[in-house]
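Below: one structure, written as structure tokens.
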Amino acid sequence: MNSLLLSVIGIGMILAGYVLYSRFLAEKIYALDDSRPTPAVQLEDGVDYVPTNKFVLWGHHFTSVAGAAPIVGPAVAVIWGWLPAFLWVTIGTVFFAGAHDLGALWASVRNRGRSIGALSGRYIGARGRNLFLVVIFLLLLMVNAAFAVVIANLLIATPTAVIPTWGALVVALLIGQAIYRLRWSLPLVSVVGVLALYALIWIGDSAPLALPETVLGLPDKAVWIVLLFLYAGIASLLPVWVLLQPRDYINGLQLFIALGILYGSVLLARPQIVAPSYNQEVPDGTPSLVPLLFVTIACGAISGFHGMVSSGTSSKQLAKESDARFVGYFGAVGEGLLALGAIIATTAGFATLSDWEETYQAFNDGGVTAFVEGGGRIVEAGLGLPQSLAATVMATTAILFAATTMDTGVRLQRFVVQEIGDIAGVRLGKLVATVIAVGVALALTFGAGADGSGGLLIWPLFGTTNQLMAALSLSIVAIMLIRRGRTPLPALVPLVFLGIVTIYALFIQLGTFWSEQNWLLLGLDLVILVAAVWVLVEAVTAMSKARGYDGDDDAELAELSEAEVKERT
Amino acid sequence: MSGRSRLAGLRRGLAEAYAAPYRRTLARAQREEDDLLMVIVMAEALGVPGPASFYTLELLPAVYDEVHAWHRRMGLDSSPLEHLSCC
């Protein structure tokens, strides 16, 4: 099959989902209502609650949710062939991710812009909040460990990306200064920043850097991992305007540019897909497609992380309720397109089937490296860049996405550690909390495999935790729908599906870790399993309780918002 | 739309995209710095000898408006200063 045809079909399916299904959700299920003031309007304070233009809001909603995960997941999952991954990404985006992201945004908007954590307190009960903390702690832990390994692997596989990766930090630092001290205007800063980034890629391409194979007795991969965590720890302690803010901004621009480069190249090069549609001869040791596909691709099909962004920040900036359809659902659409791009790069970016099979020799062998290789070849054919430059562009893109997520992940983990400390009655300082956050992630990375090779073993576990988070948000959405006497099916069907695949996948993984005698991951798997059962039990109890609810949830919430408005004045 | 207003729109949109995700963090950082300044300015009035009080004395009127919000944030129900009752 030609990759152009596949992308047209995929984009068509996802856009049809936006035009048809999201309209149905917005009108019939969530009943978005512009006469109801949003928290941004009602509680406007110029800081958290700011009514924002929907296109701008979509821009930072999308750049916050899209990262390396929708690249890594599909790049691993195409080992079963392109068709299963393609179907899960397209159908998942339309019926799972879209409904979930829009639902979480709606739930939070109706609840004064509160986070999913606070919502679980209201709709599930006192234990809901603790449950949320446990799930989010695990999620961030795995994001940080897995992404450190992803970056380290890429830095070793593509030494030309070393200079742009670390140079991007300098660019971000300078941009922060240009904006705050020199007062440069943003269009100028954007152009200069992006040009500087691409200049670094060009320099890096002609000056590859690699670490010696061992430094102080540690293998090179382990050294990169330690350096990355050291960096992430320091970055999360710096004032945000110094590094994280300009870095996020440039990465956001880069996300759009990279998507443009990738799809533009597919359009120009129109490569044939060489990978099989359904791979019947998967390498030994590849787990079975059901259920592992559904946890390997989390972001790009459905991801609990989106619910956190929806409920944490976006919901406080929505100018009117009907904008939620564009911001929430179309945010999922953007992520789905990124995942689709990753599928195409890893299946059509190889010259022959045997090249592809050579890359995908074992489960987890392909991954981002395959994305860099395949994507690089498509860009080479499409835009006529030299091969190594094209690969450097792809590698740098993937690394920057992963690194920004890691920066934010470490920072958020610090807050979670502090919050857990508060509940336990211990006050943890910034530094101590950061050291704990970085320490556990490092311990997990190295505990899973002594040279840091274990990080990617965590990937399916990361997927399960992410789906668990989504299940938690979906159950809140379902409870709210039941309370309003509407059908909860659009949330309930994905919820049941996720419940089954996550628990099934966790059991399969238990067996794998048991036979590999990897006790650390076995223990972690058990913890997630307990959390998963806990989420489902709480959700079922709360839902059956919600059926007997005869109050008016929206009226109660309106009262609460008015009380909050009064309290502020 | 003319080119100029389009550029202005672009500039506003980019500025919003740059600032919005970090507005809260920056506001909190600013408040922490303001609180520190408050302690320095109010040091003498609170009975703590401050070496810079000769200079900070003239800042006192400038911070009066903030005293109420400040002492509430510091967990004091009423103003810690006898000569300054704000609530």
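The backbone N, Cα and C atoms fix where each Cβ goes, and this holds for glycine too.
Small disclaimer: the values here were computed from a predicted structure and weren't measured.
Residues or ranges marked as domain 'CstA N-terminal' in TrEMBL: A:2-347 (among others).
Within its own chain, the transmembrane segment (A:6-26) has Cβ neighbours under 8 Å at 32, 82, 86, 89-91, 93-95, 98-99, 102-103, 263, 266, 273, 322, 324-325, 329-330, 333, 336-337, 340-341, 344, 348, 490, counting only residues six or more beyond its boundaries. According to TrEMBL, the feature transmembrane segment maps to A:6-26 (among others).
The annotation transmembrane segment is assigned in TrEMBL to A:62-80 (among others).
Note on the transmembrane segment (A:86-109): residues 6, 10, 13-14, 16-18, 21-22, 25-26, 30, 32, 38-39, 65, 74, 77, 115-116, 119, 293-294, 297, 300-303, 306-307, 310-311, 314-315, 318, 321, 324-325, 327-329, 331-333, 335-336, 339-340, 343, 470, 473-474, 476-477, 480, 490-491, 493-494, 497-498 of its chain, located 6 or more positions outside it, place their CB under 8 angstroms from a CB of the stretch. The transmembrane segment annotation in TrEMBL covers A:86-109 (among others).
The transmembrane segment annotation in TrEMBL covers A:130-155 (among others).
Annotation source TrEMBL lists transmembrane segment at A:161-179 (among others).
Sequence-distant neighbours of the transmembrane segment (A:223-244) (same chain, 6+ residues past either end, Cβ-Cβ under 8 Å): 144, 148-149, 151-152, 155-156, 169, 172-173, 176, 180, 211, 215-216, 403, 406-411, 414, 430-431, 434-435, 437-438, 441-442, 445-446, 452, 455. TrEMBL lists A:223-244 (among others) with the feature transmembrane segment.
Residues annotated as transmembrane segment in TrEMBL: A:251-269 (among others). Under 8 Å from some Cβ of the transmembrane segment (A:251-269) lie the Cβ atoms of residues 3-4, 7, 59-60, 62-63, 66, 190, 193-194, 197, 337-338, 341, 344-345, 348, 375, 378-379, 381-383, 393, 397, 400-401, 404, all in the same chain and six or more residues away from its ends.
When averaged over the domain 'CstA N-terminal' (A:357-505), pLDDT in the model lands at 89. The domain 'CstA N-terminal' annotation in TrEMBL covers A:357-505 (among others).
Per TrEMBL, the feature transmembrane segment maps to A:389-410 (among others). Beyond the transmembrane segment (A:389-410), the same-chain residues lying 6 or more positions past its ends with a Cβ under 8 Å from any Cβ of the stretch are 66-69, 71-72, 140, 143-144, 147-148, 150-151, 154-155, 157-158, 160-161, 164-165, 168, 197, 201-202, 204-205, 228-229, 232-233, 235-236, 244, 247-248, 251, 254-255, 258, 261, 345, 368, 371-373, 375-377, 379-380, 383, 434, 437-438, 441.
Sequence-distant contacts of the transmembrane segment (A:431-450) (same chain, six or more residues past either end, CB-CB distance under 8 Å): 140-142, 144-145, 148-149, 222, 225-226, 229-230, 232-233, 236-237, 410, 413-418, 421, 457-458, 518, 520-521, 524. The transmembrane segment feature in TrEMBL is assigned to A:431-450 (among others).
What TrEMBL lists as transmembrane segment is A:456-482 (among others).
Taken from TrEMBL, the feature transmembrane segment covers A:489-507 (among others). Outside the transmembrane segment (A:489-507), and at least 6 residues removed from its termini, the chain residues within Cβ reach (under 8 Å) are 25, 29, 95-96, 99-100, 103, 290-292, 294-295, 302, 460, 463-464, 467-468, 470-471, 474-475, 477-478, 481, 525, 528-529, 532-533, 536, 539.
Packing against the transmembrane segment (A:519-537) from elsewhere in the chain are residues 131, 134-135, 138, 444, 447-448, 454, 457-458, 461, 464-465, 468, 471-472, 475, 499, 502-503, 506-507, 509-510, 513: each is 6 or more residues past its ends and has a CB under 8 Å from a CB in it. The transmembrane segment annotation in TrEMBL covers A:519-537 (among others).
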### Query
Is the transmembrane segment (A:456-482) in contact with the transmembrane segment (A:62-80), using three or more Cβ pairs under 8 angstroms as the rule and ignoring pairs under 6 apart in sequence?
yes
#### Entry: For the domain 'CstA N-terminal' (A:357-505), the number of residues DSSP places in helix, strand and coil
125 helix, 0 strand, 24 coil
